């Protein structure tokens, strides 16, 4: 980690202090965050001389030599990926030793692996590489952490943890070589008008009710006073005892009719479109039928 961060510090023209701070932050930052969350006491990075010594040695090496070329970049990338896998496995195992549940243990394993890189990127004023467009280090750390948890939880011998490290590093290496990256967020624009959205919702609701009725043989219950789907169904008129079809023509509806003009059609009656509903047979026709059915009284 310190060597890889030293290459970044060299591009940014940092001095020796900048190299040292960037190297320590990148190499030990993830473990520091993990130990602080676990309330471990003295973080492991400060519990002995070796962690700090290795981070400073890598920073010093990059500061003094500053090699260039494709071979050097591939070597640094390989070392960085290997360190990522080891930190992910170590962080997961340590979190499980503290009795954490699977998800927190895996999360702290990932934090141990990539937390230092995030701190480094924030210190140099750039968006962390794991947030998009960079190598799949976080994904590789996730794979390593999950396999490590499975190995420890099932009681598999500890050497198999190296398999988890190798698989996570292999995934990160392939992603770096093939330039793989996770899909980025896409913007979904709504181009439908309010009336079109309303019509779409009504069609969806009607289709769902028809499907349920077809599957279950049930008759859907519709509140004619509040449900806009009642505009298209028949209802029982309480006065005449006949079923009638009520349709409203909405001025705001997609078809562009006037909602103020209601229309009620009886089984044998005429339609009224002036807002007053006429239910049942026409009055004039009813009188004529009554006259035809009643014979004239005979004169005595």
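Here the Cβ of each residue, glycine as well, is placed from N, Cα and C on the backbone.
As given in TrEMBL:
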type: COMPBIAS; residues: 246-261; note: compositional bias 'Basic and acidic residues'
type: COMPBIAS; residues: 287-300; note: compositional bias 'Acidic residues'
type: DOMAIN; residues: 4-65; note: domain 'Glycine transporter'
type: DOMAIN; residues: 78-151; note: domain 'Glycine transporter'
type: REGION; residues: 240-300; note: region 'Disordered'
type: TRANSMEM; residues: 12-33; note: transmembrane segment
type: TRANSMEM; residues: 48-66; note: transmembrane segment
type: TRANSMEM; residues: 78-97; note: transmembrane segment
type: TRANSMEM; residues: 103-123; note: transmembrane segment
type: TRANSMEM; residues: 135-154; note: transmembrane segment
type: TRANSMEM; residues: 160-177; note: transmembrane segment
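Beyond the ends of the transmembrane segment (160-177), by six or more residues, the same chain brings 77-78, 81-82, 84-86, 88-89, 93, 135-137, 139-148, 151-152 to within a C-beta distance below 8 angstroms of the stretch. Model confidence over the domain 'Glycine transporter' (4-65) is summarised by a mean pLDDT of 90. Across the domain 'Glycine transporter' (4-65), the DSSP tally of helix, strand and coil residues reads 50 helix, 0 strand, 12 coil.
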